[in-house]
């Protein structure tokens, strides 16, 4: 019987079925599995592959996170193309089908700037229902670009040449950095500072138009952007990075005696539009102390590069060195020591303590902690917040009650609490982080604030305002300065229920701020008690904490009426 295969029996049901539906009997020696089973398995595998392809495409074409950089850009793309064109392309299902090839070069005219600082141009006819996004170009300029990636109704491109510059805006003699145009850190060095401030005001305007959901009548005219006293050498924290030696270099180049810099070693920041590191010897927007230290650190890295087994992200923070003169002046409550007596040093250890001076107040915090990175504008910022809480226009109003209590949510190391505490009877900073509470409390003692005047309390995320339940709402002001993601809905629900007299919302992301402010007003509008007072947006204003870049901070003032 060798070489013979016995046929499998077929049931009566299978035998009487139409021929095209009958399972075929497998007679191969390779497998005694019925073909029907193999076919089902094959179909199953095919379905799995098809599902995997669909899932990959779905992830590739996933909508951006609301208020993210990608989402902000998408709103700018829609604004430029027009909603009618966008809706048509989406209805046709071609919004992901770029008309431009990878590495295709073309000339376009810049129509606008995105809120992220990139130039936006409509593609040339007949491909004019697509947007080209390129860096370092200005409205009105004719530019030559090379496409490197495409997304939904827009493609990203490298700037190859400014064919026809906008001489009313562009002046390349203003550029203060030899890496500008390649480094991803700055976008606006070719612009006058007045133009930068105007552009940032427009970013705030667009943010509230696109993300707040508020009617035009409920959004006040955005005030001119407050500029930074320093436009260069202002940044008190930088984080350059580098990669360890690649395997091939270790095998071919490594020598114990070598102290020269290998060609592959780049110590600095990312190149625009790429994940590759640029080699940067100094950063003109960083403080002189950081640049001086960075030069020494670079030499040390080059000398010891072969000892690094993986890449490193460095931390450099400008800090005031502690000295007896400073300590004596503070303990005796005399005038603070002059700048000449205060030596600035560079802190590189994330766990080391950084010391900064804002006005006449000192703040200490770990190197890894958050603290605003432009010290020069912190006094104007905190003064503005103070004046928003105590406006002269309401000073003589018969209905106005002078705020006596301050709640500083997301208080961090206590910047606003400590800078403004002399204007209130009681100040409470609220934080979820025990480490932040520890250092904020320390900073209150450091600045000789009277016991009980300014305290820092651990808030429960589920009921954050319970720790200040004794505060009189009608005489309480609230400052919120959340991270980039803004406030969650739970926090906003609690804020609406708390209903203090004034809310000052300081934000490093004006788009999430606009979303949150819109949510606050919407929730108050849906209140069951129609007799209750509601918040109005009294003022909006940008602050330029990062000159030469596209970033803008924003302060929104809400008043209960």
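Backbone N, Cα and C atoms are what each Cβ position is placed from, and that goes for glycine too.
Residues annotated as active site in TrEMBL: 508. Residues annotated as active site, nucleophile in TrEMBL: 508. If you look up TrEMBL, you'll see 372, 410, 431, 481 marked as S-adenosyl-L-methionine binding site. Annotated compositional bias 'Basic and acidic residues' per TrEMBL: 18-27, in sequence order. What TrEMBL records for 30-45 is compositional bias 'Polar residues'. Residues or ranges marked as compositional bias 'Basic residues' by TrEMBL: 48-61. Annotation comment: TrEMBL describes 99-161 as domain 'TRAM'. Residues or ranges marked as region 'Disordered' by TrEMBL: 1-68.
All protein chains shown were included, and the count of other CB atoms within 10 Å of the CB of residue 372 (S-adenosyl-L-methionine binding site) stands at 22.
Long-range neighbours of residue 481 (S-adenosyl-L-methionine binding site) (same chain, six or more residues apart, CB within less than 8 Å of its CB): 408, 409, 410, 411, 412, 416, 505, 506, 507.
Put simply, the two farthest-apart Cα atoms among 372, 410, 431, 481, the recorded binders of S-adenosyl-L-methionine, are 17 Å from each other. Residue 508 (active site): 20 other CB atoms within 10 A of its CB, across all protein chains. Break the domain 'TRAM' (99-161) down by DSSP state and the numbers are 0 helix, 35 strand, 28 coil. With a 10 A radius on its CB, residue 410 (S-adenosyl-L-methionine binding site) counts 22 other CB atoms from all the protein chains.
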